[in-house]
C-alpha cells in the first residue's frame, strides 16, 4: 500500500525539532496538486497545502508535525532508517507522528470530489517550544480569510488498541513558581531565624495534589501537582533563607489562571512570599454533537469495528491553536505506547487502517 512507502520515506528524514531536514519539501512535491505556502518564522519552517474543490461547502483541514524528538542511544536499528520487522516499522517518529502525516497525505491524494476546501497544516515546531509552527500557519490563513471550519490533528491518540480513543479536547497548562521567604540562621538559635520550611509546612497539604474543581464528564479535576520543592544548602546546622516550590495545574474550563492564583494567595495568607504564574496553553472542548466528532466517530467504527472513547486525557498539543481560532478540532491517530521511546514503532496494520479512516472521512464528510 502506498501509505507504507510514503511513511518510510518520511521516517528517513532526520527531522529533529525544529529542523524539518527536507521533509516539508518532499510532502509539497508529493501533493503538487495542492497550492503550497511555505511559512517561516524564527528559523522554523511550516507548510500550508490547500485546494478548493468547490465554491460552496465547508473547509476541512488536517494538522500534523514532521519534527521528532532526538533518538538517543540504545536503538536496535538506525532510528532514521526504518526497519520493517514482524508487522511493525521501527523508526523515530513512527508513532509521533509521521504515521499520521503519511495517512492523511495518502487520503487527500485520492480525493476527487469534495464539497468545499481541504487543507494540510504541517510544522517542524511541535516537539520543541511550539511557538512558531501551527500558530503561525493559522495566523496566515486568517489573513487570507481561509481558516478551516473543522480540523483533524493526527496525533497518536489510541491507548490499548487502534480506534479506542478520539481526543475531543485538551486540558490547559498553568505553571507556577512560589518563593517562601525566611531568614537564615543557626539551628541552635531557632528563635533568631525565620524558617520558611516550618512556616509553610501547614499550608503544603492544601496545595499538594489538591483538586481545584470536581471535574465533569469531559474533564478530570484541575489538580495542583508539585514538581519541585527545595530549600537550604544541604547542611544540618543552617536554617534556609527561603523555600522554592514549582507546580503545574492541568486545568479544565472550570478553573482559570485567576482561580489558581486566588487559591494560592489564600493558602499562603500570612506568609512572606512571591508568586510567579503563567498559562502556557488554554483548555478547549469540541462538543460531541459537532459534525467533525460525529463523522470521525462513524469512520473509526466503520474501519476498526471499535467504539472510540471521546476524551480529553493527556498533555497539550497543537490542537489548542486550532481551537483558539474557533476551529472545531479533534485528534485521532495510531496507538501511543512507544512515543518518544527507544525502538519506537508502529503497526503496519494500524498505519493502513488510519489511512482508511481518513479516506472514509473525506468520502462521507459532505
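The backbone N, Cα and C atoms fix where each Cβ goes, glycine too.
Over in Swiss-Prot, the protein carries these features:
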| type | residues | note |
| --- | --- | --- |
| ACT_SITE | 67 | active site |
| ACT_SITE | 126 | active site, proton acceptor |
| BINDING | 65, 96, 155 | Zn(2+) 1 binding site |
| BINDING | 96, 127, 340 | Zn(2+) 2 binding site |
Among 65, 96, 155, i.e. the binding-site residues, the one with its Cα nearest that of the residue listed as 'active site, proton acceptor' is 65
Filtered by Cβ under 8 Å and at least 6 apart in sequence, the residues in the chain of residue 127 (Zn(2+) 2 binding site) near it are 17, 65, 67, 68, 69
Cα-Cα, residue 340 (Zn(2+) 2 binding site) versus residue 96 (Zn(2+) 1 binding site), nearest Å, comes out at 7
Apart from the site residues 96, 127, 340, the 8 Å Cβ neighbourhood of the Zn(2+) 2 centroid comprises 68, 69, 93, 97, 339
Across every protein chain in view, the count of C-beta atoms other than its own within 10 A of the C-beta of residue 65 (Zn(2+) 1 binding site) is 33
Same chain, |i - j| six or more, Cβ under 8 Å of residue 155 (Zn(2+) 1 binding site); the result in sequence order is 64, 96, 97, 100, 167, 317, 319, 331, 332, 333
Excluding 65, 96, 155 themselves, the Zn(2+) 1 site's Cβ centre has within 8 Å the residues 64, 97, 100, 126, 127, 153, 154, 156, 317, 333, 339
